[in-house]
């Protein structure tokens, strides 16, 4: 599985996301400092780093859940501006999976998945439901379609959240610590889903502490600290031969036991 | 024991024990009484004392009800018939029944009109309150306010019809411009509705007798009918207004936000009764000279403003209770502001707010009796004024006020029961 996922030919020359000298402040606190990052179509990137290093903020800037103050972000050729139409266009092309799932508790699993296609893409209801069932089968929980999120386990909820994003047929997927809120035995089912997504050639940026996943799936691992990209490399090199002192310290702590 | 091998440590069950009923003391009425009425000497004492008081009240009140007289035409006559016995003079209710319901100057031969409006209200409200009612009824619900206005106030049907046409025109204008932006749509809709209604007002003015029934002035409307009109109209107007105020208060646009905050805080800082006096006397100065805005309309405006401010605060609580992740998830899927509010945020926030909203609605309904202090003859105004002041019924307090209590209790208790049912229907999150 790992070999196919890591096949380098999956990456194209086409640029999916281009971030140029992007800066962000929370009040007077400088969270992101001069971020430069180019993500190619089909590329899978894992962002690691200690908490408070700005990894989540970085990917939340990509779909404008957070506003950046300096520099530019280009997603799929569209420059991210403060225009609300432009932001909604980008958001419908970029899927996002959250740490706390954020399913809509008043809607069934199926309705969770069909809502955005019907209202944003204007897909006919039946077609949206077929797509939703297709992706629910892909994440292996079609039988839960008519239940409510509160009736599902954490792992199942996160897989529904992934299916919900996929129903919008996004060209890029962002994962914000998708397994951090899960019990250990549920982490695997979510990671398996993400691996199978990777095999399909999805462009993915994933903030995670799952280093095994990074090793297996990522084309590139980025290490962030204090709002900056400290080191980035292919997973083999990154784990076996880290250069920066901070990276070494972080890896020794996270892989130490 | 026959079903176990008692002589060895190892144990294998050979016969399964059948399920047995619990002992009598652990089930049914006996258990309930033990646990709730006679648990310990103190509880038992309280039970006995309570039973004694209930007994006294029932035996005291029973003859009053049982000897009640229903068919006399004055208090004196009723006292004569009772001849010193304890007994109620319910005949005030039967004799003044129409006055209690419709006020004392509403035309007698038109009593069927508000009655019909009330029956149709039940039909119109059904699809709003019960999701299982046929959806097509919603068209009737949309037409109902205009029909009810015509039935109660009379006059030519062309007036409510023109207003309806104006609102429909506004809706289509809104639909046309909504694609550009929501705010554009709202403005276009409002402007075209006002223009069409203003231009169309010539039509009923030139033909006042087309489809006309006997016209009734607002000052002739009274009795419990007035409470019902004020209650239903104000509740159904203040809910959407309250939602808009709550969303406006959260808005990122500072002007809208400040207008909403000032409105809410001002209204909450003023007693309703003051606002009603303003409606009665002062409000006329704010309208263009010569325009004679109806008193009932002025009171409706004031009560609606008052309760919408409270509803806005209740809904704000519901909005604040939603985790930020719900907003983010809606945004990340590409839903725009109106969609995420309508589909994601408001359904959840309103569900949380149901008890608070119902609280305001019940309070509003009871507060409609305050109009009696600005000399409108609602149910309380009727009792206080024309009925108790009449020579026939001077001094019948218990029966009349008891009736008012009973009627208001029925309505408010039903609203509260309905809201509990609705909450259970909507509970999807923790099953």
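Backbone N, Cα and C define each Cβ position, glycine as well.
Outside the transmembrane segment (B:41-65) by six or more residues, the chain places 85-88 with a CB less than 8 A from a CB of the stretch. The feature transmembrane segment is assigned by TrEMBL to B:41-65 (among others).
The transmembrane segment annotation in TrEMBL covers B:110-130 (among others).
Residues annotated as transmembrane segment in TrEMBL: B:137-152 (among others). Panel annotation: around the transmembrane segment (B:137-152), residues 113-114, 116-117, 120-121, 123-128, 159-161, 163-164, 213, 216, 221, 225, 229, 233 of the same chain, lying at least six beyond its termini, place a Cβ under 8 Å from a Cβ of the stretch.
For the transmembrane segment (B:158-174), same-chain residues at least 6 beyond its ends with a Cβ under 8 Å from one of its own Cβ atoms are 143, 145-147, 149-150, 185-186, 188-197, 200-201, 203-204, 207, 210-211. The transmembrane segment annotation in TrEMBL covers B:158-174 (among others).
Feature annotation from TrEMBL assigns transmembrane segment to B:181-204 (among others). Here the transmembrane segment (B:181-204) has long-range neighbours at 156, 158-159, 161-163, 165-167, 169-175, 210, 337-338, meaning same-chain residues at least 6 beyond its ends whose C-beta is under 8 angstroms from one of its own.
The feature domain 'ABC transmembrane type-1' is assigned by TrEMBL to B:224-419.
Residues annotated as transmembrane segment in TrEMBL: B:224-247 (among others).
Residues annotated as transmembrane segment in TrEMBL: B:259-287 (among others). Tertiary proximity for the transmembrane segment (B:259-287) is limited to same-chain residues at least six positions away from its ends with a CB under 8 Å from its CB atoms, namely 245, 248-249, 251, 293, 295, 298-299, 301-303, 305-306, 308-310, 312-313, 367, 370-371, 373-374.
Long-range contacts of the transmembrane segment (B:299-322) within the same chain, counting only residues at least 6 positions beyond its ends with a Cβ under 8 Å from a Cβ of the stretch, are 230, 233-235, 237-239, 241-243, 245-247, 249-250, 260, 263-264, 267-268, 272, 275-276, 278-280, 283, 345, 348-353, 356-357, 359-361, 363-364, 367-368, 371, 374, 376. Marked as transmembrane segment by TrEMBL: B:299-322 (among others).
Taken from TrEMBL, the feature transmembrane segment covers B:343-365 (among others).
Residues annotated as transmembrane segment in TrEMBL: B:396-415 (among others). Sequence-distant contacts of the transmembrane segment (B:396-415) (same chain, at least 6 residues past either end, Cβ-Cβ under 8 Å): 75, 88-90, 92-93, 100, 224, 231, 358, 361-362, 365-366, 369, 379-380, 383, 387-388.
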* By a Cβ-Cβ criterion of under 8 Å, what residues six or more beyond either terminus of the transmembrane segment (B:224-247) are in contact with it? -> 100-103, 106, 114, 118, 121, 145, 152, 260, 263-264, 296, 299-300, 303-305, 307-316, 319, 341, 346, 350, 357, 360-361, 364-365, 368-369, 371, 376-379, 407, 411
